[in-house]
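Copied over from TrEMBL:
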| type | residues | note |
| --- | --- | --- |
| DOMAIN | I:77-150 | domain 'Cyanate lyase C-terminal' |
| ACT_SITE | I:Arg90 | active site |
| ACT_SITE | I:Glu93 | active site |
| ACT_SITE | I:Ser116 | active site |
Number of protein chains: 10
Amino acid sequence: MAQNKEMTVAELQAVKQKSGKSYNQLAEETGLTNVYLAQLLRRQAQLKPHTAPLLLAALPDLTDPLLHDMMTPPLRSYDPNLIQDPTVYRLNEAVMHFGESIKEIINEEFGDGIMSAIDFYCSVDKIKGVDGKDRVVVTFDGKYLPHSEQVKIY
Amino acid sequence: MAQNKEMTVAELQAVKQKSGKSYNQLAEETGLTNVYLAQLLRRQAQLKPHTAPLLLAALPDLTDPLLHDMMTPPLRSYDPNLIQDPTVYRLNEAVMHFGESIKEIINEEFGDGIMSAIDFYCSVDKIKGVDGKDRVVVTFDGKYLPHSEQVKIY
Amino acid sequence: MAQNKEMTVAELQAVKQKSGKSYNQLAEETGLTNVYLAQLLRRQAQLKPHTAPLLLAALPDLTDPLLHDMMTPPLRSYDPNLIQDPTVYRLNEAVMHFGESIKEIINEEFGDGIMSAIDFYCSVDKIKGVDGKDRVVVTFDGKYLPHSEQVKIY
Amino acid sequence: MAQNKEMTVAELQAVKQKSGKSYNQLAEETGLTNVYLAQLLRRQAQLKPHTAPLLLAALPDLTDPLLHDMMTPPLRSYDPNLIQDPTVYRLNEAVMHFGESIKEIINEEFGDGIMSAIDFYCSVDKIKGVDGKDRVVVTFDGKYLPHSEQVKIY
Amino acid sequence: MAQNKEMTVAELQAVKQKSGKSYNQLAEETGLTNVYLAQLLRRQAQLKPHTAPLLLAALPDLTDPLLHDMMTPPLRSYDPNLIQDPTVYRLNEAVMHFGESIKEIINEEFGDGIMSAIDFYCSVDKIKGVDGKDRVVVTFDGKYLPHSEQVKIY
Amino acid sequence: MAQNKEMTVAELQAVKQKSGKSYNQLAEETGLTNVYLAQLLRRQAQLKPHTAPLLLAALPDLTDPLLHDMMTPPLRSYDPNLIQDPTVYRLNEAVMHFGESIKEIINEEFGDGIMSAIDFYCSVDKIKGVDGKDRVVVTFDGKYLPHSEQVKIY
Amino acid sequence: MAQNKEMTVAELQAVKQKSGKSYNQLAEETGLTNVYLAQLLRRQAQLKPHTAPLLLAALPDLTDPLLHDMMTPPLRSYDPNLIQDPTVYRLNEAVMHFGESIKEIINEEFGDGIMSAIDFYCSVDKIKGVDGKDRVVVTFDGKYLPHSEQVKIY
Amino acid sequence: MAQNKEMTVAELQAVKQKSGKSYNQLAEETGLTNVYLAQLLRRQAQLKPHTAPLLLAALPDLTDPLLHDMMTPPLRSYDPNLIQDPTVYRLNEAVMHFGESIKEIINEEFGDGIMSAIDFYCSVDKIKGVDGKDRVVVTFDGKYLPHSEQVKIY
Amino acid sequence: MAQNKEMTVAELQAVKQKSGKSYNQLAEETGLTNVYLAQLLRRQAQLKPHTAPLLLAALPDLTDPLLHDMMTPPLRSYDPNLIQDPTVYRLNEAVMHFGESIKEIINEEFGDGIMSAIDFYCSVDKIKGVDGKDRVVVTFDGKYLPHSEQVKIY
Amino acid sequence: MAQNKEMTVAELQAVKQKSGKSYNQLAEETGLTNVYLAQLLRRQAQLKPHTAPLLLAALPDLTDPLLHDMMTPPLRSYDPNLIQDPTVYRLNEAVMHFGESIKEIINEEFGDGIMSAIDFYCSVDKIKGVDGKDRVVVTFDGKYLPHSEQVKIY
């Protein structure tokens, strides 16, 4: 099963490479966030039926079996060694070092709850800093979910 | 050493609690991001001299030894068990599951480099979703750093 | 901080022990699930303001500082060695061995989403098996959360 | 050996996929819980002789060698990376965070013992919450096993 | 909580040491296996009410609070570093190296099930080998538990 | 090398399966313990020259190369994931939870030494409990080895 | 994807081996540090367009597809077992044992910041010690990056 | 319990320090290997009754409670961080890198068995190399233990 | 023992802090590298007798017991969580990512050997980059040690 | 690369097996220690040019490519699961349990330094114990390396 995922991802990446389009271009053409588009092409998200024609228009080399596969719910996963990559490590470093502060601010501003990672948007943007240099902005935007009080209702 | 950090943080949290102010209020009064303000109060960031008076104005119970301590560079750290907390876990989950996609988009849009976690801003915002429900927005904003080509120049 | 939690939990357990009431009795008197009640008494859940009087009625020895502490959002955590306990291990064993099957049935019956662990109820019940012997029923009841399609809407 | 299991599971999944039936439908036709049915099709449970004809009726493409293999006791196992999947993680999170409470309630209501994971039933159900939204209910139902007092009887 | 257990165990060991009796003697006087007796004195098993008077007769220095504590269900646990001890390591080595063989023999002789570690007896005996040298015999004797077929019966 | 071991084991298991004999039957015919016999057929023990003819008589399909391979000292090993299997886990659980007690009883009854895992016998037996139900008895029988006092004698 | 990297590296190493040139010679011919040159040939760094002709001149057997591949940003990674190699271990040992001292000297001499590992040069040199024996000098030369104060500027 | 061991070791080290004698001197006076003597003074070995007077003669400040404690079988253990120390690491490195070779030579010269770590001597010696420089010689001398063939003899 | 080290280090750091001198100043006054000086003040290196007077001159508050302690060989160690600190992590990242390249260049330029971490110098320097910005230079300078051919000479 | 090493080792072992010679015989014929000879045949040491003819004389089936490969510096490594083998484990156990004692004796007898694992000899010998039984003697003989005082000399 895992091997199938790996093989499908290799095929999807080949289709993208042949198209010569970037994730940003594909995101533009389909109306999705750039990170989500990239997740679709590595089978970390499910392609919704109404989005399939848009993606096919952007990537006409997508075959029917590939599209069919992309529409089934994937087993979300990652290679644990991924954390070695400097870009991924620094994101992880920020999350772990700032995590308790982020949690407490959520508690103060929202209450006893979390930011959902399921009803969730993520995007990468390019902006200019005050020194005119490029900056990367990664936005995590998730629904606030309050911890439910477990009242006996049934 | 670690114990001292723990004790200092306990004192800083007590000062904040007594003030009755939230991180957002303190951030507002000092002109810092809310996450950075929270990091200061758990000794995960260095208090800059020009900011010390602003913080003292916001938290008049800060003693001189506390302020002095806050102005030395801290040993940044976290409790590894922190990842058990649902809020921190979901941030970590997002980073690990979306990490490779974020990396590739940075590569496509900026080149072979990373988002710095040092020249870096982080904030937590509260917005309304299209369904009128609260959403948490965590923004990571770091300088783009290209991997340098290591030319012999010396 | 962790020490404080540990100390608070010790005090809460002493209050319960002195009351001579079981978690089930306390749950009955407060209208909560038995597991949630137990979570409250080890600071793994936040006591809601409207429930505080009910709990105080059930446990009159709860002091104001304890009640106040119980009403702040806790840092959820557990001792990693807890998995050594046979009861906890078997629950973990079931989750890990049945996990992929549970996931696929959720996918088939609900779609590409998860069972929330935040909008979530948990209870422990005692029933009789067909052989007349006691059986433990642990119920996990969580809201279905579909993975959102990350459409650019902002 | 492990490879054989992996290959058998791939074949079993293909048979199911070709049948177009869901785990729930197959469970209905065979009188088993849906989770157990799914476990059978990934060789995490042994097919009992009296159930084989029922399963064959539901999945006529099951070959004799597959049925024969399904009737031998499997080596139960899982991929440790499975915990990365959000659905599995949240189940694990619930078990670890609520584990000590569940244990204590079992102790109070049953005595010094555990919920068996061997004489055990598991099912996934779909219900409506009070807000009319779908909820996932995972039920763990295991025989209560008291820790035996180890009296010298032999 | 853990600290309490550690303190109770220290007190129990002191009572035993003062009595000058070995685990075997105490087991003899109470009719329990020697391992179970030792487990009682480190709070890894629950003292049953009908056994308490026997134990008190054997160890008259046991105080009421100690006896009361011993009669509550303990949180079973161990120090992970325990595996460094050569005696414990060799037991672990045997279990891990012979484990798959033991499992398959159980499958062949009993069916698809396990040896319970709950309805379970353990003892250590001293015998003479054919060369007249001492041998240690550790016996694990657990009820056979067949994996239940999860038929929908409710 | 490891791969060869895996391939040899697969061949040995095929020979056994074709014979239709259980480990117990093979043990009976060769005069070995059932666990040791199983260890031989997965290359976890060395086949002794005087036992080779007995084994060949019991399993006539054993080829010369297989017998030759079985007579070389193996690299003893196991798959770390084996601990996931419920049967193996419960044995491990017993060893870790009872380990310190077993050690202390050995110390009291034998002195400062261990149970050897090299001069060692292991067998699995089926007995009836007082309730008439089947019980699994796993016996570990190892030579007592006293820690030598390291006197300078050379 | 990982496999592709491994295969590309094998081809690059074969090209180097055929050339008979050392990393130092290749570094000399291209004007790069020796470590960076080595990183290029195992796809741990991106080949810059203006350096490609220099490298091709030094290694004429580099094919177009190889050069093209070398010009895409790599996923930086390493085999975790690499730390077993004595040369790598001793570097790691030095970093971990001297790490806190290095950090504090950076704090004293530069301020609250780090040595970048991205705007970074590394080289290996051979010198003679005062005893006339060869010494290895590994130089890490990175830009100083001050932790930014996260002022709200947006 | 662990704390007691730590405290006893601290007292034993203080006695040694006050005596001004090295492990070698103490070993000489008691007729033990230097490593074993050192193990005695950190409670990693049991002091034998006939050696106690010799040790007391060499270290007259040993009190009766200390001697009594040293004569009980210790729980052998070590701090896992010990491997960070360069001396310990290099011993570990040698064992892990040369381990398979050592095993195969034992197999060729002795048969299918091991070097006992229980009937075992260890010493550290100082010799001159051919270049006149000091060399450390660590000798491990253990009884050869053949893996027993597990014949059914009982 | 570890605690004593921790306490000694705390005292040494207090002496340094009171002196108001930086590691660089102290290194200058004693003729040592700055990193080595810092290692002395956290008991990661042994103070040599001929250097003691120089250090005492630079830090007159060093007491005799402290100096005496500093002259005994320390147990070298570090807190494993230290790798969380961004400065230490980036050094570790460089070593792990560049490790295999460094090893191969040492092999090409010196032969089959390593850079010693024992006959070893480490220093931190501040230089200006071509852009006029500060750069940190960490130099590792160790004796080349060839792997000896193990000829039987004794 | 790693795969090549594995393949080379398989070929080298086949050459040895065909020769029918033991490591001891080969060591005798080449004048090397038996462990070093074994290391050569699994590519854990570099074959020196002057030793190549001696090895070729002892193993005439060694091909030129194999000899050439053996003369390049290897990446030293081991399978982490190797520690499961009883022979390797007991060596590791001895090193970890006796490590601190060995370190302190080196400190007392040599000074603040280590036993090199690079300028290092290892051999396995067979001797008779006082009881006439075989004993395994593993000798580790490494150059003493004093930790250098890091004086600024450059």
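One is the number of the first residue shown, and numbering goes on along the chain from there.
Quick reminder: no glycine exception, Cβ is built from N, Cα and C everywhere.
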> Average pLDDT across the domain 'Cyanate lyase C-terminal' (I:77-150)?
Replying inline: 97
> Within 10 angstroms of the C-beta of I:Arg90 (active site), what count of other C-beta atoms is obtained when all protein chains are considered?
Replying inline: 24
> Looking only at Cβ atoms, how many others are within 10 Å of the one on I:Ser116 (active site)?
Replying inline: 22
> Across all chains shown, how many C-beta atoms besides its own are within 10 angstroms of the C-beta of I:Glu93 (active site)?
Replying inline: 22
> DSSP helix, strand and coil counts for the domain 'Cyanate lyase C-terminal' (I:77-150)?
Replying inline: 29 helix, 29 strand, 16 coil
> How many Å lie between the Cα of I:Glu93 (active site) and the Cα of I:Ser116 (active site)?
Replying inline: 20
> I:Ser116 (active site) to I:Arg90 (active site): how many Å between their Cα atoms?
Replying inline: 22
